[in-house]
Amino acid sequence: MRIVVTVKYVPDINTERGFEDCRVVRSPAEGTLNELDENALEAALQLVEAAGQGEVVALTVAAPDGDVALRKAFQMGVTRGVRVSDDALAGSDYFGTAAALAAAVRKLEEESPVDLVITGMAALDGLGSVVPVLLAAELGRPALHLAKKLAVSGGTVTVVREADDVTEELSAPLPAVVSVTDTANRPRFPNFKLIMAARTREIEAWTAADLGLDPATVGAAGARTQTVSAAPRPPRPETQLVTDKGDGGVALAEFLLRNDLV
Amino acid sequence: MTNRTILVLLDPATEVRTGVLELLTIARGLGRVEAVSLESPTVEALAQLGAYGVGTVRQAELPPALHGDERHLPAVVAAALAAAVRRADADVVLLPTSFANKEAAALAAHHLGAGLIIDAAAVSEDDDRRVVGSKRVFAGSWDTACAVTTDVAVITVRANAVVPAAAEAAVEPVVEGFAVQVPELPVTLVSRTVKPRTSGRPSLEEAAVVVAGGRGTGGDFGPVEDLADALGAAVGASRDAVFEGWWDAYIGQTGVTIAPRVYIGAGISGAPHHRGGMQAAQVIVAVNSDPEAPIFEICDFAVVGDLADVLPQAAAEIRKHKG
Ligand SMILES: Cc1cc2nc3c(=O)[nH]c(=O)nc-3n(C[C@H](O)[C@H](O)[C@H](O)COP(=O)(O)OP(=O)(O)OC[C@H]3O[C@@H](n4cnc5c(N)ncnc54)[C@H](O)[C@@H]3O)c2cc1C
Ligand SMILES: Nc1ncnc2c1ncn2[C@@H]1O[C@H](COP(=O)(O)O)[C@@H](O)[C@H]1O
C-alpha cells in the first residue's frame, strides 16, 4: 500500500490571521500543519500499518517555510516528505494548486504506483473543500470526498460520507483520491522517538520545472481569480454584558425586540 | 445592467428554497437570469421562478443508463451545469453553498476552464466589468473580494447573502430540455439516504435566526429548542454536543457554516473551530455561566447565567410579546 497524503501549511487558527498585499500572511511563527490534514495522515498510517507494508509520503505545495507541515507529518510517523516550491507557483488558485499536486503525484508514480491519495476535508485558511476533487480530476482518478469511514479491500476503496443531511456509501477501484473528515479518526500524538527522528529527516524539494509544469498555467499567471481587496473588519462594538439576577431572560428578549430581531 | 446570462442551480427542483430565491435576487442584479434543473420542476416551483424573473428553465435530460439517485452525484450535476453553460452561452453560474455543491461547482469549473469562488457573500461587477465575489474569511475577521479573470465564473453563494425580492414584473418561464452526456462514472453509489427535515423548523443552513446549544446544556436541549421555537429559529450545536449524541448537526468550520441575522449560543465556550462557522452572523448573542467565556469577546449581547433559567424566560417573554 503506497499512499500520498497532501498537507497544507496554514496560519494557526488560534492566532491573528491576516492579509498583506491581498495574500495570506504565512509566517513561520504562526504557520502550522493544517489541523484537518492530521486526519488524512492518521488514515494513511493506519492503512499502511494494517497492510503490514508500504509507504506514506507527505506532499505539500508551499514556500520553504512549509517544511513545518512536513515535520509534523514526520512526527506522526510518515517517512518521506516532498515539498514543491517555486516562485512560479506563488499566487496559485485552487486549479494551480491542484495541478502542481497532481504533477508531483505523477512524478512519484514514476518510481512506483501510488494506490491512494488522501487529503484533508478542507484547508482551514480558505475552507474551500475543493482541492481534493480537482486533484482527482487532474489525475483522472475517482474522487471520494468527505469520508467519515474508509475501508480498502481487494483493490476497492469504500467510504461513508455524511454531508448536507445526506449519508452516502461510495466505492471505487484503486487508485483513487479520498478526503477524510475531522470525525474519521483521532490523530495520534507523536512520541519522543518520532519527534527526535523528525528533526533530521530529509525533505525533498521539487521545482515547477522538475514537474514539467508550464509556468503560464500555474501561480498568479495562470490563476482564474484574483484577490482585489482584503480589509480587516471593523472591531465589533463592545459587548453588552448582563449578569442574570432573575431577569436575564427578559433582558435577552428585550435586546432582540429592541433591535427588531424577532 | 448588462447582457450577461446567469444560470442558477435549482437545488432541489421540487421546491424553491429561500437560498435559491436569494441567488435569483443576486443574479437579477448581474443580468438575465435562467435556472438549471436536474429534475422536472413542479407547477408551484415554476410560478415562483417566474415571480423572480426567470424566463427560461433549462432542464437536464440525463442519460437513461443513470440510476435514480446517481443524478445527485456531484459529477453528474457538474456535467449538467457545464452543458447548460455551453447551451445558454452563459457567463455566470450560481449555486447555494453546500458540501455537495462545492464539489459540483469545482468540477463544473474544471470542465469549463472557469474561475471558481467558494462561499461568496455578495456578487457584483467591477469597473472592468469583471464578476467579483466578496467573502468574509478568517472567522469573520477579514473581508475579501475576488475578481474572476476568465470568461465564465462559477460561484457558490452562502445563505442569507441578501433578502430575497421578487422581480418587478413576473414572467412565464419556458422549460427547455437539453441533453447531458455523462462520462462513465468512476465512483459507484452504493446507497444514499436523506435525513428528513425536522418538523416545522427552518434548516440550519438557511435560517435567519439560529439558537445553538453546547456542552453547557448538560444534554438537555429542551431550553434551546424552546427559545428556537419561540423565535421560529433553527437549532444547532457545538461539535462536542453532537459527539455526546445530544444533537445531530453542528456549527463550525468542519460542520455547517452559517451567517444568519442572529446567532444565539447557549452553553458554548466559543472555540476557534466553532467561531469559524458562525462569526459572520450579523448579531451574536450568548448565554454562558462563566463570565470569562471566550465567546463573550465576539458578542453583541450576552447574559452571564444558567441557560436552563435564561432561555425559558426569554422564550416566554417573546411569546408574550407575539401574543
Ligand atoms: C479538527 C477540529 C475541528 C473542530 N471543528 C469544530 C466545529 O466545526 N464546531 C465546533 O463547535 N467545534 C469544533 N471542534 C471542537 C472545538 O474545538 C471545541 O472543543 C467545541 O466547540 C467545544 O464545545 P462547547 O463549547 O459545547 O463545549 P465547552 O468548550 O466545554 O464549553 C461549554 C460552555 O458551557 C458553559 N456552561 C456550562 N454550564 C452552563 C450552564 N448551565 N449555563 C450556561 N453555560 C454553561 C461553560 O462555561 C462553557 O463555556 C473541533 C475540534 C477539532 C480538533
Ligand atoms: N498547497 C497545498 N499543499 C498540499 N495540500 C493541499 C494544498 N492545498 C490544499 N491541499 C489539500 O487539500 C485539502 C483541502 O483543501 P482546500 O480545498 O483548499 O480546502 C487540504 O486538507 C489538503 O489536504
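Placed from the backbone N, Cα and C atoms, the Cβ positions cover glycine too.
The annotation FAD binding site is assigned in TrEMBL to B:ARG215, B:SER238, B:ARG239, B:GLY267, B:ILE268, B:SER269, B:GLY270, B:ALA271, B:PRO272, B:HIS273, B:HIS274, B:ASN288. Look at TrEMBL and you will find B:5-194 tagged as domain 'Electron transfer flavoprotein alpha/beta-subunit N-terminal'.
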Filtered binding-site residues - B:ARG215, B:ILE268, B:GLY270, B:PRO272, B:HIS274 - keeping only those with Cβ under 8 Å from chain A: B:PRO272
Binding-site residues close to ligand 1 - of B:ARG239, B:PRO272, B:HIS274, only those whose C-beta is under 6 Å away: B:ARG239, B:HIS274
Neighbourhood of B:HIS274 (FAD binding site), C-beta criterion under 8 angstroms, separation at least six: B:SER238, B:ARG239, B:ILE251, B:GLY252, B:GLN253, B:ILE268
Greatest inter-residue Cα distance in Å for the FAD-binding set B:ARG215, B:SER238, B:ARG239, B:GLY267, B:ILE268, B:SER269, B:GLY270, B:ALA271, B:PRO272, B:HIS273, B:HIS274, B:ASN288: 18
For B:ARG239 (FAD binding site), the three-state class that DSSP assigns: helix
Mean of the pLDDT scores, which run from 0 to 100, over the domain 'Electron transfer flavoprotein alpha/beta-subunit N-terminal' (B:5-194): 94
Densest Cβ neighbourhood among B:ARG215, B:ARG239 (binding-site residues), 10 Å radius: B:ARG239
Protein Cβ atoms within 10 Å of B:GLY270 (FAD binding site), excluding its own: 22
Listed binding-site residues (B:ILE268, B:PRO272), ranked by Cβ neighbours within 10 Å, top entry: B:ILE268
